[in-house]
Amino acid sequence: MPLIIIAAGVALLLILMIGFKVNGFIALVLVAAVVGFAEGMDAQAVLHSIQNGIGSTLGGLAMILGFGAMLGKLISDTGAAQRIATTLIATFGKKRVQWALVITGLVVGLAMFFEVGFVLLLPLVFTIVASSGLPLLYVGVPMVAALSVTHCFLPPHPGPTAIATIFEANLGTTLLYGFIITIPTVIVAGPLFSKLLTRFEKAPPEGLFNPHLFSEEEMPSFWNSIFAAVIPVILMAIAAVCEITLPKTNTVRLFFEFVGNPAVALFIAIVIAIFTLGRRNGRTIEQIMDIIGDSIGAIAMIVFIIAGGGAFKQVLVDSGVGHYISHLMTGTTLSPLLMCWTVAALLRIALGSATVAAITTAGVVLPIINVTHADPALMVLATGAGSVIASHVNDPGFWLFKGYFNLTVGETLRTWTVMETLISIMGLLGVLAINAVLH
C-alpha cells in the first residue's frame, strides 16, 4: 500500500505540473501534504515534515547554491569563463571538448558534493556552448555524468567514503574497483548518451549566463581565470586528504576542515575573484556587487523548487516507507551484491535521496557481510550504483538539473532520469563483472 500511495503521488505531481502548469514549488508542497495524509500522518506531523524537509535541504544547499551562483556569475561576467572555454576548445578541439569536461567533472567531483561541482562548472558549460555553437545538453551531460559517477564509486568523495566506513571496506580497494567501473560507465552515460540529446535545443536560463562575447583585451589570462574556479576544489581536496591521514584533533586538519567546507571554500573563492577578476580588470566594487546581486535573483525559483523536492522527500522518509521496503527485502534470497543494489534502488525511487537510500541500505544489509563473507568494497559500489537509479520528481537533484538546463519536467525525465539510470545499471554490471573475475 505505501508504494501505491507514492506512485499515485508522483502521478498527481506530474498531472499538476505538466497538465495544469502549476508552479513547481507549489505542486511539490501540495503533493507532499497529500501523500503524508494518505500514508496516515496527522496534520502536525505532515506540517513538521514539510518544514523539516525544506529546512534540511536548504540548510545544506542554500549557501552552496548562493555562493556557487555568485562565483559562477563573476567568472562568466568578467570574461574568465570565456577564456577557459576558448582555451579548452583550442586545446582539445570542438569534437573532443566533451572529453575535456568529463575529465574536469571527475577531478572536481572527487573532492566535492555533486551540487557544489554542478553549480561551479555550469558557467563553463554555458560559455563553451556559446563559443562553440554546440547543443547545451550535448556539452553539459558528460560533465554532469562525471560528477554523478564520482558520487557513486570514487572515494575520497564523501558519499562512497561514508558507505565504505559502515561496511568497513578498504578505501584503496574500493577506489580501485570504483575506477574500473567508472571508465565505461561515464563513457556510456556521458559522451555516448549525449549524442542522442542534440535534438533538445535549449539555451541557458536568463540571468545565469552572460551572452556577451568579450574581446581578447577584455578577458583575463587563462591562469588568472582558472585560479578562482579551482580554489574550492583545492581546499576541499586538501580537507579530504587531511581527514584520511591526520588525527581528528590535529590543528592542520581542523583548519582545513573549516576552509574546506564547501560553503566556506566557495566564499573564499568569491573574495579572491572580486579582486583577481573584478578589481584587477578595472571594475568598481559597485559594479561587482551588481553582478553578485543579479546572480541571486536568477536562482531564486530554482532554490525554492529544490526545497519543495526536499519537502516531498522528507514526508516519504518520515512516513516510514523506508522501513516498509527494508522489511520487505529482509526475507529475500538474492545474492548480497544484487540485494544491495535492489534495496538501494527501491529506496532511491521511493524516497528520492541517494544519500538516504545508500545509508539505509548499508544498515539493512550489513549483517549479510558477516554471514556470506561478501566483498565489502563491491558491496559499497553495488549500494552506490543502486542509490542513483531513476531519479525523478522526489529528488532535489532532478529539479536542480531541470532548472539549470532550462528543461520541462518531461524533458528532464527523458534526459536526467535516463542518464542516472544508465549510471546505475552500468555500475551494477561492473560490480557483477569484477565479482565474477575475482570469485
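Every residue, even glycine, has its Cβ placed from backbone N, Cα and C.
Pulled from Swiss-Prot, these are the features on record:
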TOPO_DOM  1-11  topological domain 'Periplasmic'
TRANSMEM  12-34  transmembrane segment
TOPO_DOM  35-53  topological domain 'Cytoplasmic'
TRANSMEM  54-76  transmembrane segment
TOPO_DOM  77-96  topological domain 'Periplasmic'
TRANSMEM  97-114  transmembrane segment
TOPO_DOM  115-118  topological domain 'Cytoplasmic'
TRANSMEM  119-141  transmembrane segment
TOPO_DOM  142-170  topological domain 'Periplasmic'
TRANSMEM  171-193  transmembrane segment
TOPO_DOM  194-218  topological domain 'Cytoplasmic'
TRANSMEM  219-241  transmembrane segment
TOPO_DOM  242-253  topological domain 'Periplasmic'
TRANSMEM  254-276  transmembrane segment
TOPO_DOM  277-290  topological domain 'Cytoplasmic'
TRANSMEM  291-310  transmembrane segment
TOPO_DOM  311-322  topological domain 'Periplasmic'
TRANSMEM  323-345  transmembrane segment
TRANSMEM  349-371  transmembrane segment
TOPO_DOM  372-377  topological domain 'Periplasmic'
TRANSMEM  378-400  transmembrane segment
TOPO_DOM  401-414  topological domain 'Cytoplasmic'
TRANSMEM  415-437  transmembrane segment
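No contact links the transmembrane segment (219-241) to the transmembrane segment (12-34), because fewer than 3 Cβ pairs that are 6 or more residues apart lie under 8 A. Here the listed stretches are 54-76, 119-141, 415-437, and the one with the most C-beta pairs under 8 angstroms to the transmembrane segment (254-276) is 54-76. The stretch in closest packing with the transmembrane segment (97-114), judged by the count of Cβ pairs under 8 Å and taken from 54-76, 171-193, 378-400, 415-437, is 171-193. When Cβ-Cβ distances below 8 Å are used as the criterion, the topological domain 'Periplasmic' (142-170) is approached by residues 98-99, 101-106, 108-114, 117-118, 121, 125, 177-179, 181-182, 185-186, 189-191, 193-194, 240-241, 243-244, 354-355, 358-359, 362-363, 366, 369, 376-377, 379-381, 383-385, 387-388, 401, 416, 419-420, 423-424, 427 of the same chain, each at least six residues removed from its ends. Model confidence over the topological domain 'Cytoplasmic' (401-414) stands at 92, taken as the mean pLDDT rounded to a whole number. Counting only same-chain residues 6+ beyond the ends of the topological domain 'Periplasmic' (311-322), those with a CB under 8 A from a CB of the stretch are 2-3, 6, 9, 13, 28-29, 31-33, 35-36, 39-41, 45-46, 49-54, 56-57, 347, 350-353, 356, 360, 393-396. Long-range contacts of the transmembrane segment (54-76) within its own chain (CB-CB distance under 8 A, at least 6 residues past either end) are made by residues 84, 113, 115-116, 118-120, 122-124, 126-127, 208-210, 225, 228-229, 232, 262-263, 266-267, 269-270, 273-274, 277-278, 288, 291-292, 294-296, 298-299, 302-303, 306-311, 313-314, 396.
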